[in-house]
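Report on the structure given below.
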Amino acid sequence: QDQEKWDFVLVSDIHEVGSEKEIKRKKFLEELSKKGFTIKKIEDNKLFYGVRAPKHIFQKYQWLLGKSNSRRSNPDVHQDMPVTTRIRIVNFILQNTVTADLEKLDDLVKKKVFEASFPLHEKEEVREILKEKWARWRGIFHHQPIEKIRCYFGEKVALYFAWLGWYTRLLGFAAVAGLLVFVIGITIFSSSQVSKEICEANTTIMCPLCDQKCPFWLLSDTCTYAKVTHMIDNEGTVLFAIFMAIWATVFLELWKRQRAMVVTEWDLYRWDEEEEELALELINNLQHEPRRYRHSYFRSTVVLLLALLMIIVLIGIAHALVVYRVVATALFSQSELELLRDQANLAAVVTGAVLHYITILIMTWVNRKVALFLCDLEKPRTFSQRENNFTVKVFTFQFFTNFSSLIYIAFFLGRINGRPGNYVRIAGKWRLEECHPSGCITDLFTQMAIIMVLKQTISNIIEYLVPWVKYKLCKKKHPRKRSVFGEEEEAEDPCKRHWLSNYELNEVDRFSLFDEFLEMVTQYSFTTIFVAAFPLAPLLAFCNNLFEIHLDAIKMMRLHRRMVPRKANDIGIWLQVLEAIGILAVIGNGLVIAITSDFIPVQVYKYTYSPCVRHNRTDLDCSTGYINQSLSVFRIQDFEPHTKVPEMLPGFARHQIQEYRDYRNHDDYNYTVQFWHVFAARLAFLILFEHVALCVKLIAAWYIPDVPQGVKNKFLRKKHRDLCEKLRWVMPQEV
């Protein structure tokens, strides 16, 4: 049975005898034979070549790297070396074996000489445990067997699931806090003085929301929306935003401690990736010369300019979405359907959010292609460096893809559209859209809710169904060849069915794990950066992650070929990305509260203009009169000439003045002193909030050590023991 263990399987189409592809295939297999590889050929609808590396390759590895291999990895039955290490070494040699034509395996795959190469899912104890206890929906609330995952998939995959599990566990606290803030908002649904004033403003006539068929409307018409807005825009939101800034820091600091303990257990805390790669290069080719570090300012400049160009394109797409919402609002407001006409603004926001989600799906694919192209221009020295460069570029592009539209809604919508009688227009025709009458934060809440729900439902369904359907189709597409006459002996080969069943699974590539990280880090961005506008984001993320962990497990164990294990002692460049998101979260939430929310204008009114200040009254709510103070007066005769002034509402005089949300004088429409007071208060709050939040983050980072004392003491004892051992050799008589 030992002889039937194979490290890798290469798959090829059956080519004509003497064809160029057959000759190239033979040359590659001959190079492997020269290195001592055992090769077994099985013919079915395809050609399958099982390869097994000679023992001396693994002996060289152990000799070069000593005990750097972790102690507790699952040993193969026919070698003392862990299966994951064995697969990794063989994969490196296969990828770096060069034929006489100077072609590597990747080149041969591109030329259709080989179709695929993959390690096998073996029927071993670890796999059966993972399939039964991890890759099943019934294990959704159980602890993950991280050690078993490491034994089967390697350290990099194990660290991903360890990080995802830790993130989900701590996300539970954020989810509870967000739900608490939301529930408190529901309990004060009707108690807000501001909401009451809006609901009672049945004599306040507001300006039309569009140029043609939009009517005058009463402020009291937005009563329900005003209550909903107060449910998410209240004093608790500010505290929750500060809490999330602290949570993001505590999460990362505690993860650093958790990671230190995990990799210390694996004896990889001080593992050197560069040394590992050099060892593999020498094992593959004793004449190998290391590729030196180089830097080209010209190449870096070209890559930077192209990356900036891509970012401009992504921002342009966000502008296109803005134009869509402007045009859609104008068209919906002229619709024959009364419901669509009355809710034109909301309909434009909802359809814009769906369109934004579709652009995210399309641009995710485009961003990946552009990032790979830029990485090829950079010519990174190693695969790890290439992966880091790729990660930074893709995440940057994805950030602008996901957040450009949200940034516009949060900080520009309703603030650059002018005023009645002097609106800013696109192409001199369509006025820029305004915030929802109940407040700008409602639009941001709607956009966030739609995108997060769509991303975490449709995307997960597609993520599971696509590989499942591919797997089923592949099984039908490649039926096993029936044995006839002299082939009975071949049909009995125990390897054949095993190799075929592995071949029918979905292909994995080098960046398969990258896609999972990117999905989770993007979710982390949504959960933290604009959480002040959407306190339910952590709860949605928490529920999603409970399923995501086991969805990924099922895909890896049951639907995908075995991933090539990779050694690692951290999550790589993703940690720096998460730390950058933590800083952006402080800035983003500070801006949402200062600019998008009505929190600051209400506070300025309370402490500067309210009856509590002017008349020293304590028997009423200090926000009484805020709505009247936040409205500006507009005269009908000052409408632009091409604006079709609608009929006056029944019961109101034609000459009666109209109002709109802004701080402007009624005679010349210039900003009032109160506008500048509010502006200064917004700026002061933003500076104060960000400095306080960043200081708290720094204190939390200092207070929680990255490395536990137990880990430090373990290395201290090891150093002491090694030094004592050296002294015994040097001065045996004194010791």
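Every residue, even glycine, has its Cβ placed from backbone N, Cα and C.
The domain 'Anoctamin dimerisation' annotation in TrEMBL covers 84-146. The domain 'Anoctamin transmembrane' feature in TrEMBL is assigned to 149-717. Positions annotated as transmembrane segment by TrEMBL: 170-189, 237-255, 301-324, 344-366, 390-413, 524-547, 568-595, 679-704.
Here the domain 'Anoctamin dimerisation' (84-146) is broken down by DSSP into helix, strand and coil counts: 32 helix, 3 strand, 28 coil. Remark: the transmembrane segment (301-324) makes no contact with the transmembrane segment (568-595), by the rule of 3 or more CB pairs under 8 A. Distant neighbours of the transmembrane segment (237-255): 163, 166-167, 170, 173-174, 177-178, 181, 528, 531-532, 535, 538, 575, 578-579, 581-582, 585-586, 589-590, 592-593, 597, 599, 689, 692-693, 696-697, 700-701, 704, 706; these residues of the same chain sit at least 6 beyond its ends, with a Cβ under 8 Å from one of its Cβ atoms.
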